[in-house]
Ligand code: SAM
Ligand code: SF4
């Protein structure tokens, strides 16, 4: 393996930015209630970066010090020719890039699992909030859970390590989380529960559905033995091992716990906006620099400017008298 070049991506608070989450599309085949509105208006295709432009910005980030890239969306696997991007980025593995991965809703995973492995992907995160087919259909406003379960099967068969992500919400989840734990751990998968973040209008009342992970944890502790785990992903998840299953359970608590001090990541949206922090509205527009010149000079200058503007922390909160959130959807910049 070649030596990683010294990172140029260090923010004003001394945090080294080594992790890029790259949204490759704002489109999705589902409409999860916490993420998208039922009638989403997607961006005109010409506004999205092309596969070549996504590659150009990602490879520039690798040159500057990014060692891990996660493709996300929208749903990354609905993007046409997405495997071309995986193939191009996969060639950087072992040459600056240490990990290439994705977050997916899993509906198309059965089709792509083998190709992902061939392009160097070793792990995938699959979002699944319930095992009940009827509730899955309701929560995603259209999905068929059989496709996701087939995707998980295919991914594991192809040799991918799968982690499940579930958004915790009041109304149903407390009664289903035990099944999710048994399912995930029974198949050797970690499960991470995520606190709902106030991003974008989706047509459901977040104050009504917000379930703090503190409350969830208290409820879990009545039935399971949660042993604090030293495992650290470098991200906002805090882990425990469930003694009864031997499996790992993560908690992502952006609202009720501060993880910003160790943040190592930035996000680039599918139109080329670089967001130094998911929980603040600041961003730097890269698309014009990418489209107007073949030289990377301006692009590099803008990336460094964005890193230099990374704030100390997010500004999310869900209060009794209202939600302090962001008008953009999670799918716009990638979760
Ligand atoms: N479509 C893919 C998927 O669902 O995994 C990737 C994109 S999705 C925006 C990434 C993650 O964000 C998913 O795990 C999803 O559950 C989570 N997510 C979406 N909206 C959220 C919200 N408002 N609060 C917390 N998590 C959210
Ligand atoms: Fe689509 Fe993922 Fe958002 Fe659900 S969470 S609507 S699968 S982008």
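Each residue, glycine too, has its Cβ placed from N, Cα and C.
Here TrEMBL flags 21, 70, 103, 163, 265, 266, 267 as GTP binding site. Among the features that TrEMBL reports, [4Fe-4S] cluster 1 binding site is placed at 28, 32, 35. Taken from TrEMBL, the feature S-adenosyl-L-methionine binding site covers 34, 74, 127, 197. According to TrEMBL, the feature [4Fe-4S] cluster 2 binding site maps to 260, 263, 277. The annotation domain 'Radical SAM core' is assigned in TrEMBL to 12-229.
Sequence features annotated in TrEMBL and their locations in the structure.
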residue : record                               : DSSP (3 states)
21      : GTP binding site                     : strand
28      : [4Fe-4S] cluster 1 binding site      : coil
103     : GTP binding site                     : strand
163     : GTP binding site                     : strand
197     : S-adenosyl-L-methionine binding site : coil
260     : [4Fe-4S] cluster 2 binding site      : helix
266     : GTP binding site                     : strand
277     : [4Fe-4S] cluster 2 binding site      : coil
Euclidean distance between Cα atoms of residue 197 (S-adenosyl-L-methionine binding site) and residue 265 (GTP binding site), Å: 17
Residues among the binding-site residues 28, 163, 197, 263, 267, 277 that border ligand 2 - Cβ under 6 angstroms, in sequence order: 28
Cβ neighbours of residue 70 (GTP binding site) where a neighbour is any other Cβ within 10 Å: 22
Pairwise Cα distance for residue 267 (GTP binding site)/residue 260 ([4Fe-4S] cluster 2 binding site) [Å, integer]: 14
Densest Cβ neighbourhood among 32, 35, 260 (binding-site residues), 10 Å radius: 35
Cα proximity to residue 277 ([4Fe-4S] cluster 2 binding site), best match among binding-site residues 21, 34, 74, 127: 21
In sequence order, those binding-site residues of 21, 34, 127, 265 whose CB lies under 6 Å from ligand 1: 34, 127
8 Å Cβ shell about 260, 263, 277 centroid, [4Fe-4S] cluster 2 site members excluded: 15, 259, 265, 276, 278, 279, 310, 311, 312, 313, 314
Distance, residue 74 (S-adenosyl-L-methionine binding site) to residue 28 ([4Fe-4S] cluster 1 binding site) (CA atoms, angstrom): 5
Across the domain 'Radical SAM core' (12-229), average pLDDT on the 0 to 100 scale: 95
